[in-house]
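Quick notes on the structure that follows.
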């Protein structure tokens, strides 16, 4: 055991990446991969079973818990944004340097692409058998919707843009409230579960129109994968060239979310007064008694 542990420690030292931003990018990639793998995996199960193995609620539950797991995996390293819209909001608030935006976005999109690839491999035979060895983007035998979002037949472009805008703004407002130490901070370690709950609520209330992407990486990465995996360029033209809406609208919605939270909550929160020396002594004494 001793030699094995020593060998593992040496391997860890050799593989350790010293460039912090690269470590963070890898964490974002893996976290987003987990999000897409479990989230789109749940969609695949519902679609390919034609509703016998789940439904709309199970998809929303899966995406909510997938976000939670992705944050738990990557949070300590990168903050687990898992979404370019979240990274954009944090950079806009000067909580993150702007250099992180393109790097995080690329890593998140790559993670989503790889997550879609895993789902495709996992359900490879079922996908091909679903429509007699053909791949359709839309229609009763469409399977591209397993991976990326597409608008419902009733939805026009303006309403769809507003749908993604509001969904992302709501997400950002809630995320900012969760991570704001001067609001009602979530107990440490529960942030991931709370953000997952936010995604679940957005899905169950705003998912009907187009599947609530509210995440450019989660939508574009898998969409690009489907284009390369056999569905072709139709994934970009279906829905009146819908593909750009889940990219542009969430980024604008994230800025709206920042303004709404800051103007109505963030700018008005009062910082707690600094503790006095006497209070610090009392706190230290209480901690000492608890240890005894």
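Every residue gets a Cβ built from N, Cα and C, even glycine.
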Indicate yes or no: per Swiss-Prot, are residue 17 and residue 138 on the same side of the membrane.
no
Select from 142-159, 160-177 the stretch of residues annotated by Swiss-Prot as transmembrane segment.
160-177
Tell me which of 127-140, 211-224, 225-238 corresponds to the intramembrane segment entry in Swiss-Prot.
211-224
Considering the transmembrane segment (101-121), which listed stretch of 25-42, 160-177, 190-206, 243-264 counts the most C-beta pairs under 8 Å
25-42
Just to verify a number: CA distance, residue 141 (N-linked glycosylation site) to residue 218 (site 'Selectivity filter'), in angstrom, no decimals.
23
Given the cut-off of 8 Å on Cβ pairs that are 6 or more apart in sequence, determine whether the transmembrane segment (57-74) and the transmembrane segment (243-264) share at least 3 such pairs.
no
Tell me the residue counts in helix, strand and coil for the topological domain 'Cytoplasmic' (178-189), as DSSP assigns them.
2 helix, 0 strand, 10 coil
Any idea what DSSP makes of residue 218 (site 'Selectivity filter'), helix, strand or coil?
helix
Within 10 Å of the Cβ of residue 218 (site 'Selectivity filter'), how many other Cβ atoms can you find? Include all protein chains, please.
34
